[in-house]
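TrEMBL annotations:
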- 22-126: domain 'GPR180-like N-terminal' (DOMAIN)
- 170-397: domain 'GPR180/TMEM145 transmembrane' (DOMAIN)
- 1-20: signal peptide (SIGNAL)
- 165-185: transmembrane segment (TRANSMEM)
- 197-217: transmembrane segment (TRANSMEM)
- 241-260: transmembrane segment (TRANSMEM)
- 316-336: transmembrane segment (TRANSMEM)
- 348-369: transmembrane segment (TRANSMEM)
- 381-402: transmembrane segment (TRANSMEM)
Amino acid sequence: MRSFSVLLLALLHWVFPAAGKTISGLFRSETARENNGQYITRFLYHGENGLMAYRLENVPLAVQKEAKLLLFQGMEGFDNLSCLERVSGAQLTITLSSEEHNETIPWQVNPKTWHVMYADRYTCQEEEIDGGMESLGFQIIMLNPDSAGNPLDHFSAEEAGLHSFYFMLILAYFVATCIYVQPLWQALNKGGPMHTVLKVLSTALLLQGLSVLFNYIHMARYARDGVGAPLMGNLAELCDMVAQVQMLYMLLSLCMGWTLSRGRKSQSKLLQWDSSPASTALALGGVITQGALLIWEQFEDTEHHSYHAHRSLAGLLLMALRVALALVLASVLYQIISVERSTLKRDFYLSFAKGCFLWFLCHPTLVFLSVIFNEHQKEKIITIGVILCQSISVVILYRLFLSRSLYWEVSSLSSVTLPLTMSRGPRGHY
């Protein structure tokens, strides 16, 4: 039965890595020895009465190994330390000598990150270990003090408040849906030149709403057990990724002079274009590159949130791609606006440019600005800021394409000077 429990813990640790604040897995002497300590997780504690509790599967084995947990507040220059320097330099050492134990974290004025590592008698041993070493099953629970000062809050200081934000956002989505769903449905049923654009925008907005809902479900469960619903977290990230790629495809299609049509072509093909091989390669290359970088980033950062701090190479490349795409769109729109004489058409292009730039540049800008904030504020600023900015971007584009007089003026002109060519119909249809 005990071996089955250890196997189950190992499976859980592989499927759901140590990213939550209730962590189950295996302490491995071989891993600790190879890396001068087995890294377990990190947690931002704040205030006083922070708590870390552990539970072991095999106490005699832990005692025989002289197993212990090492807690560090900072990791600067950590890779340059020797094994003995790491073990002796821990701010807090917890000996694993009982089946369960609760350790109170020292009080701190500002929220600080505590890193947890595992070590035992074999970690700094230079001689070869005789035979295979049995792994040690464990569970660790990390808790911050709640509003009453009791250690019951599973959220790290950097995640505090996001649960309430997602709830308020769901409420805002619900109210907006009740108000605008009928006129939007009528506009979609009428068809016309803005039909496909509105369908793409509505789909992207629906995906964003589903991402918010799945994140809320994950965090509501997380608030109770510190694990949450990883499947919901993964679905939230998937919905956000699809929305990002879809919006990129639509904005590039419009700006590069492609055609969105509901007319003679097949209805199953949402986006249709009539462009040169060079422009086709540019848009498809942008979409494929962004999709690949988004997937790569998810593999590098296993924590369940859609907007990462971009400390990884994939994240940095993704930000660079978004800036490059914004520059491409700016170049195309500048060429059009610079030769345009009509004030009405310039207003259309400028409003379209605002929506594009806000969508592409909000994330890189917020990541850049986040360096001036404290560590526990960065994730909240990036997450809340990106969601709000991209929602505003969608609203700007909605208002632009639902504005009949302005849109009809632009869409009925020659496609030579337009960044988009829409299928025409008689104005009387609307």
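Backbone N, Cα and C atoms are what each Cβ position is placed from, and that goes for glycine too.
Because the structure is a prediction, the values reported are computed rather than measured.
Beyond the ends of the transmembrane segment (381-402), by six or more residues, the same chain brings 162, 165, 169, 187, 194, 197-198, 201, 204-205, 208, 212, 305-307, 309, 348, 351-352, 354-356, 358-359, 362-363, 366-367, 369-370, 373 to within a C-beta distance below 8 angstroms of the stretch. Taken through DSSP, the domain 'GPR180-like N-terminal' (22-126) splits into 22 helix, 50 strand, 33 coil. The average pLDDT for the domain 'GPR180-like N-terminal' (22-126) in the predicted structure is 88. Taking residue pairs at least 6 apart in sequence, the transmembrane segment (165-185) and the transmembrane segment (197-217) share three or more C-beta contacts under 8 angstroms.
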